[in-house]
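Feature list (source: TrEMBL):
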- 39-74: domain 'EF-hand' (DOMAIN)
- ASP52, ASP54, SER56, PHE58, GLU63: Ca(2+) 1 binding site (BINDING)
- ASP91, ASP93, ASP95, LYS97: Ca(2+) 2 binding site (BINDING)
Amino acid sequence: MAFAGVLKDADIAAALAGCKDAGTFDHKKFFKACGMTGKSAEDVKKAFFIIDQDKSGFIEEDELKLFLQNFKAGARALSDSETKAFLKAGDSDGDGKIGCDGALALTKGPQFTLNSSYISGRNNSMN
């Protein structure tokens with residue numbers, strides 16, 4: 001499995017079960033269920049590069065449509081409306097694709113990006 005060492009198989013299965021029907025995908029619920037929200041920025045970056053199938057450095061709409069299939073072969077494709085909503089949530093600059101910072105913000109929250117201060121955001125919560 002592509003996410004071995006990053007996510008647990010049981011968590012992935014639970015996340016996929018939660019959105020098996022068309023129209024039920026919610027990226028926030030999915031990331032929480034699969035355990036991605038609790039992962040480090042480096043683990044999120046690893047996941048980003050798995051999902052970036054064409055290795056362009058961005059996740060485009062066609063890659064998002066097949067997002068669930070990165071977690072399990074044979075998983076359903078996202079519907080057009082699910083794909084567009086997911087893209088809109090992660091496309092911070094309106095270029096029609098999600099960069100690594102956008103993926104981190106989608107997964108961990110808008111205050112976390114690789115360029116802005118993931119470490120600083122973590123330190124602020126410790127004060």
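The backbone N, Cα and C atoms fix where each Cβ goes, and this holds for glycine too.
Feature map: TrEMBL annotations on the structure.
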residue: ASP52; record: Ca(2+) 1 binding site; Cβ contacts under 8 Å, 6 or more apart: PHE58, ILE59, GLU63
residue: ASP54; record: Ca(2+) 1 binding site; Cβ contacts under 8 Å, 6 or more apart: GLU60, GLU63
residue: SER56; record: Ca(2+) 1 binding site; Cβ contacts under 8 Å, 6 or more apart: LYS97
residue: ASP91; record: Ca(2+) 2 binding site; Cβ contacts under 8 Å, 6 or more apart: LYS97, ILE98, GLY102
residue: ASP93; record: Ca(2+) 2 binding site; Cβ contacts under 8 Å, 6 or more apart: none
residue: ASP95; record: Ca(2+) 2 binding site; Cβ contacts under 8 Å, 6 or more apart: none
Problem - Protein Cβ atoms within 10 Å of PHE58 (Ca(2+) 1 binding site), excluding its own - result: 18
Exercise for the section: For the domain 'EF-hand' (39-74), find every same-chain residue at least 6 residues outside the stretch whose CB is under 8 Å from a CB in it, and list them. Expected result: 2-3, 6-7, 12-13, 15-16, 19, 25, 80, 83-84, 86-87, 90, 96-100, 103-104, 107-108, 112, 114, 118
Problem - Helix-strand-coil residue split for the domain 'EF-hand' (39-74), DSSP-based - result: 20 helix, 2 strand, 14 coil
Practice task
For the recorded Ca(2+) 2 site formed by ASP91, ASP93, ASP95, LYS97, name the remaining residues of the chain with Cβ within 8 Å of the site's Cβ center, in chain order.
Solution key: PHE58, SER92, GLY94, GLY96, ILE98, GLY99, GLY102
Exercise for the section: List, in sequence order, the residues of the same chain other than ASP52, ASP54, SER56, PHE58, GLU63 whose Cβ lies within 8 Å of the centroid of the Cβ atoms of the recorded Ca(2+) 1 site. Expected result: ILE51, GLN53, LYS55, GLY57, ILE59, GLU60, LYS97
Problem - Protein Cβ atoms within 10 Å of LYS97 (Ca(2+) 2 binding site), excluding its own - result: 19
Handout entry: Cβ neighbours of GLU63 (Ca(2+) 1 binding site) where a neighbour is any other Cβ within 10 Å
Key = 20
Fill in the blank from the handout: Whole-number mean pLDDT, the domain 'EF-hand' (39-74), equals 94
